[in-house]
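A.B. asks: Okay, handing you the structure first.
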Amino acid sequence: MEIPPGLETTKRKVAHSDEHGFSDQVRVPNVIVMVGLPARGKTYISKKLCRYLKWTGFTTKVFNVGEYRRSDANAADAIHGANASFFSPNNADALKVRAESARRAMEDMADYLNSGTGGVAIFDATNTTKDRRRIIIDFCKKQRLRCFFIESVCDDPAIIDCNVTDVKVNSPDYKGLMTAEQAKEDFMNRIENYKKQYEPLDESEDESLSFIKVINAGRSFKVHQVRGHVQSRVVYFLMNIHLLPRSIYLTRHGQSEYNAMGRLGGDSPLTEDGQKYASALADFFEEEEVPGLRVWCSQKVRAAQTAQHLKPDFHTEYWKALDELDAGICEGLTYEDILQRYPKQADDRATDKYHYRYPSGESYEDVVSRLEPVIMELERQANVLVVSHQAVLRCVLAYFYDRPLSELPYIDIPLHSLVKLTPRAYHCDSTIYALDLESGEWTETSDQLPLCDSPRD
């Protein structure tokens, strides 16, 4: 069957972005440089920012100078990066080693960006002196790379102590070499060594310098000379993240009439099995007693019915952005119908499922774009339950699981299952609850959802 004129897919008529996240009209590789004393959350910010940029389509990589330093240590000097004296400004030999580690990281970063492999590089190190930052700026100018600084400033002892206790004492510098108490004492001495030479970012350093200061884990910010799309996205993201204890629950709606018939999209109501799941979901959260839980629901009938038995004080909001991927002219069809009527469309979708756009409909790439405000709100909020659809939840899970975009359309999300995500400093815990409709019992596993066996769904 021929596609009606004007409905051919899949490329937009505006400038298309390549696999590195750049428009075909302009390509400016970006270097994001972290600044700050140890235990200020620089690596946490680097990893979260890298995940976000990759999810939005920018090929991004973190270059952590500490890892280069540790790789430079030989077997006879395994502790050479751990002892606080190594970070003393008076330790000339150590300064040479640290400078060489930074140089190697910068060279690898430039190779990554200039080879066309990457679009954004994050240079994760303390970079606490003006001299060190000037070296980076001059290097980036020579390589024609756009440079943006992120300084994490913190004078809250509780935040610093939490970061040192929860993260640093278990870092590769200390693990297996010292007790937790020894590691903490040594790391606090390391911080004191850095303080002796710390020069905070300031516009007087260079009026043209582009930077953002993140103060006390996001309580306030200072932004200066932001340039370009990437830097604007970075600022937008940093102003929305936090690391307070919380959980994010994700579930598809219960089985709908279209699900039972194998049809795409539509707005059909729940089947009897779907209604059972809706009741069981309400019972689950009645028992869990999640404090301050908010419910975000798609505007489709099947999603609203799934959330209808939840307690009124959960405060349910209905988001158009959470609606299922629009299958366009294929809405209401089965996959067999599509193969028979639109074989070329079926083949195009199988070839590149992430970028494929249904005629008069959407692609997964489009869904990611409309979900960005949802992700930002999820980063800002406390406990949230999201009731939505398979394609939408694949996009959300790919973000929190840090899955590549090529895997995103294949994350297997069964009906009548609930995913609990608990964000941590450097990863996200995932627990899956599956409901047995006959017994009404939930089974629990701690794991990420796998990829689908079938490339069709």
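Every residue, even glycine, has its Cβ placed from backbone N, Cα and C.
As listed in Swiss-Prot for this protein:
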type	residues	note
REGION	1-244	region '6-phosphofructo-2-kinase'
REGION	1-20	region 'Disordered'
COMPBIAS	9-20	compositional bias 'Basic and acidic residues'
BINDING	ARG69, ARG98, THR126, ARG132, LYS168, ARG190, TYR194	beta-D-fructose 6-phosphate binding site
ACT_SITE	ASP124	active site
ACT_SITE	CYS154	active site
REGION	245-457	region 'Fructose-2,6-bisphosphatase'
BINDING	ARG252, ASN259, GLY265, TYR335, ARG349, LYS353, TYR364, GLN390, ARG394	beta-D-fructose 2,6-bisphosphate binding site
SITE	ARG252	site 'Transition state stabilizer'
ACT_SITE	HIS253	active site, tele-phosphohistidine intermediate
SITE	ASN259	site 'Transition state stabilizer'
ACT_SITE	GLU324	active site, proton donor/acceptor
SITE	HIS389	site 'Transition state stabilizer'
A.B. asks: Tell me, in order along the sequence, which recorded positions from ARG69, ARG98, ARG132, TYR194, ASN259, GLU324 have their CA within 10 Å of GLY265 (beta-D-fructose 2,6-bisphosphate binding site).
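C.D. replies: Among ARG69, ARG98, ARG132, TYR194, ASN259, GLU324, the ones whose Cα sits within 10 Å of that of GLY265 (beta-D-fructose 2,6-bisphosphate binding site) are ASN259, GLU324.
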A.B. asks: Give the maximum pairwise CA distance in Å, whole number, for the residues ARG252, ASN259, GLY265, TYR335, ARG349, LYS353, TYR364, GLN390, ARG394 listed as binding beta-D-fructose 2,6-bisphosphate.
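C.D. replies: Maximum Cα-Cα distance: 23 Å.
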A.B. asks: Mean pLDDT over the region 'Fructose-2,6-bisphosphatase' (245-457): what is the value?
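C.D. replies: The answer is 95, the mean pLDDT of the model over that range.
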A.B. asks: Looking only at ARG69, ARG98, THR126, ARG132, LYS168, ARG190, TYR194, the residues listed as binding beta-D-fructose 6-phosphate, what is the longest Cα to Cα distance in Å?
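C.D. replies: This binding site's residues have a maximal Cα-Cα distance of 23 Å.
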A.B. asks: Distance between CYS154 (active site) and ASN259 (site 'Transition state stabilizer') at the Cα atoms, whole Å?
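C.D. replies: Roughly 51 Å, rounded to the nearest whole number.
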A.B. asks: To the nearest Å, how far is the Cα of ARG394 (beta-D-fructose 2,6-bisphosphate binding site) from the Cα of ARG132 (beta-D-fructose 6-phosphate binding site)?
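C.D. replies: Counting only the Cα atoms, the answer is 42 Å.
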A.B. asks: Select the closest residue to ARG69 (beta-D-fructose 6-phosphate binding site) from the following recorded positions, measuring between CA atoms: ASP124, ASN259, GLU324, ARG349, HIS389.
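C.D. replies: Of all the candidates listed, ASP124 is nearest in space.
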A.B. asks: My understanding is the cutoff is Cβ-Cβ under 8 Å with a sequence separation of 6 or more in the same chain; which residues meet that for HIS253 (active site, tele-phosphohistidine intermediate)?
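C.D. replies: Sequence-distant Cβ neighbours: LEU270, GLY274, SER298, LYS300, ARG302, ALA303, GLN305, THR306, VAL387, SER388, HIS389.
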A.B. asks: May I ask for the distance between ARG349 (beta-D-fructose 2,6-bisphosphate binding site) and ARG98 (beta-D-fructose 6-phosphate binding site), taken between their Cα atoms and rounded to an integer number of Å?
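C.D. replies: On Cα coordinates alone, these residues lie 49 Å apart.
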A.B. asks: Select the most exposed residue of ARG132, ARG190, ARG252, where exposure means the fewest other Cβ atoms within 10 Å, treating these as the binding-site residues.
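C.D. replies: Sparsest of the binding-site residues ARG132, ARG190, ARG252 by Cβ contacts within 10 Å: ARG132.
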A.B. asks: In angstrom units, rounded to an integer, how far apart are the Cα atoms of ASP124 (active site) and ARG132 (beta-D-fructose 6-phosphate binding site)?
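C.D. replies: About 13 Å separates the two Cα atoms.
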A.B. asks: Closest to ARG132 (beta-D-fructose 6-phosphate binding site): which of the recorded positions ARG252, ASN259, GLU324, TYR364, going by Cα position?
C.D. replies: TYR364
A.B. asks: Between the Cα atoms of TYR194 (beta-D-fructose 6-phosphate binding site) and the residue listed as 'active site, proton donor/acceptor', what distance do you get, rounded to the nearest Å?
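C.D. replies: Cα of TYR194 (beta-D-fructose 6-phosphate binding site) to Cα of the residue listed as 'active site, proton donor/acceptor' measures 51 Å after rounding.
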A.B. asks: Counting distance between Cα atoms, which of the recorded positions ARG98, THR126, ARG190, GLU324 is nearest ARG252 (beta-D-fructose 2,6-bisphosphate binding site)?
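C.D. replies: Closest by Cα: GLU324.
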A.B. asks: Which one of these binding-site residues has the most other Cβ atoms within 10 Å of its own Cβ: TYR194, TYR364?
C.D. replies: TYR364
A.B. asks: Of the recorded positions ASN259, GLU324, TYR364, which one sits closest to ARG190 (beta-D-fructose 6-phosphate binding site) when you measure Cα to Cα?
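C.D. replies: Comparing Cα positions, the closest of these recorded positions turns out to be TYR364.
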